[in-house]
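Undergrad: Can you keep this structure in mind? I'll have questions shortly.
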Amino acid sequence: MKIILLGYMGSGKTTLGKELATSLNYNFLDLDDYISDKEHSSISHLFQSKGEIYFRRKETQYLNEIINSTEDVVIALGGGTPCYANNMESIISNPEIKSFYLKLSIPILAKRLFNERANRPLISHLNSEEELMEYIGKHLFERSPYYSQAHHIINANDKEQQAILEELLTHLI
Ligand SMILES: Nc1ncnc2c1ncn2[C@@H]1O[C@H](COP(=O)(O)OP(=O)(O)O)[C@@H](O)[C@H]1O
Ligand SMILES: O=C(O)C1=C[C@@H](OP(=O)(O)O)[C@@H](O)[C@H](O)C1
Ligand SMILES: [Mg+2]
């Protein structure tokens, strides 16, 4: 089985994905790290040097490479992965995949992301938490129709990692 965590930047996909994989004794793959390894570049540098369109093309290519492999794995997507090409369709139409949307409110995402925006090229130029909140509001509105197609929607607002982990596990065992 493959388990996919998706959701906006800062929703905890990478952090929680590692924990979930450990609990299940599965391998863990972070799609951004996979892209960085294959492309020999940080995500920020890739956006800068080759542009977002190139990044999105590679993101789809490597997502398909991973989901067409046979191993049991937990995969943390990038925030934009479900919203480009036919990525969400590839995820929900694959009977071997269970997907989870980690859903958080705009203010919580903004608070979390403000100090971590430097290595997230889409938001690194925003100068205040208010600006970030406005950006996330619009962006999340565009992305929600994709995220909401996940097999399960997990309300992750104000929940400790352990509580979210336990909730994910109830859907898996
Ligand atoms: N349940 C949680 N409660 C509070 N902070 C969290 C939680 N899960 C993750 N974080 C923090 O939020 C930030 C973003 O997490 P990350 O896993 O990188 O998100 P994503 O991969 O979805 O962008 C990190 O600083 C992480 O430690
Ligand atoms: O939302 C997005 O479009 C992006 C999210 C990032 O991943 P995280 O969601 O893990 O920050 C990374 O893929 C890239 O910076 C673009
Ligand atoms: Mg991540």
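Here the Cβ of each residue, glycine as well, is placed from N, Cα and C on the backbone.
Sequence annotations record features per position, and here TrEMBL assigns ATP binding site to Gly10, Ser11, Gly12, Lys13, Thr14, Thr15, Arg120. The Mg(2+) binding site feature in TrEMBL is assigned to Thr14. Feature annotation from TrEMBL assigns substrate binding site to Asp32, Arg56, Gly79, Arg143.
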Undergrad: Within 10 Å of the Cβ of Lys13 (ATP binding site), how many other Cβ atoms can you find? Include all protein chains, please.
TA: 27
Undergrad: Tell me the Cβ contacts of Thr14 (ATP binding site) under 8 Å, same chain only and six or more apart in sequence, or just say none.
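TA: The list for Thr14 (ATP binding site) reads Asp30, Asp32, Ala76, given in order along the sequence.
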Undergrad: Around the Cβ of Arg56 (substrate binding site), how many other Cβ atoms lie within 10 Å? Please give the count over every shown protein chain.
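TA: Counting Cβ neighbours of Arg56 (substrate binding site) within 10 Å gives 17.
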Undergrad: Out of Arg56, Gly79, Arg143, the binding-site residues in the record, which is closest to Arg120 (ATP binding site) when you go by Cα distance?
TA: Gly79
Undergrad: Near Lys13 (ATP binding site), which binding-site residues out of Arg56, Gly79, Arg143 have their CA within 10 Å?
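TA: Near Lys13 (ATP binding site) by Cα: Gly79.
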Undergrad: So of all those binding-site residues, Arg56, Gly79, Arg143, which one's Cα sits nearest to Ser11 (ATP binding site)?
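TA: Closest by Cα distance to Ser11 (ATP binding site) among the binding-site residues Arg56, Gly79, Arg143: Gly79.
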Undergrad: Excluding Gly10, Ser11, Gly12, Lys13, Thr14, Thr15, Arg120, please set out which residues of the same chain place their CB within 8 Å of the center of the CB atoms of the ATP site, keeping sequence order.
TA: Gly7, Met9, Leu16, Ala76, Gly79, Leu102, Arg112
Undergrad: Only counting partners 6 or more residues apart, tell me which same-chain residues put their Cβ under 8 Å from the Cβ of Gly79 (substrate binding site).
TA: Gly7, Tyr8, Met9, Gly10, Ser11, Lys13, Arg143
Undergrad: Within the chain of Thr15 (ATP binding site), which residues six or more apart in sequence place their C-beta under 8 angstroms from its C-beta?
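TA: Long-range Cβ contacts: Gln161.
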Undergrad: In the structure shown, with every protein chain counted, which of the binding-site residues Gly10, Gly12 has the densest set of Cβ atoms within 10 angstroms of its Cβ?
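TA: Ranked by Cβ atoms within 10 Å, first place goes to Gly10.
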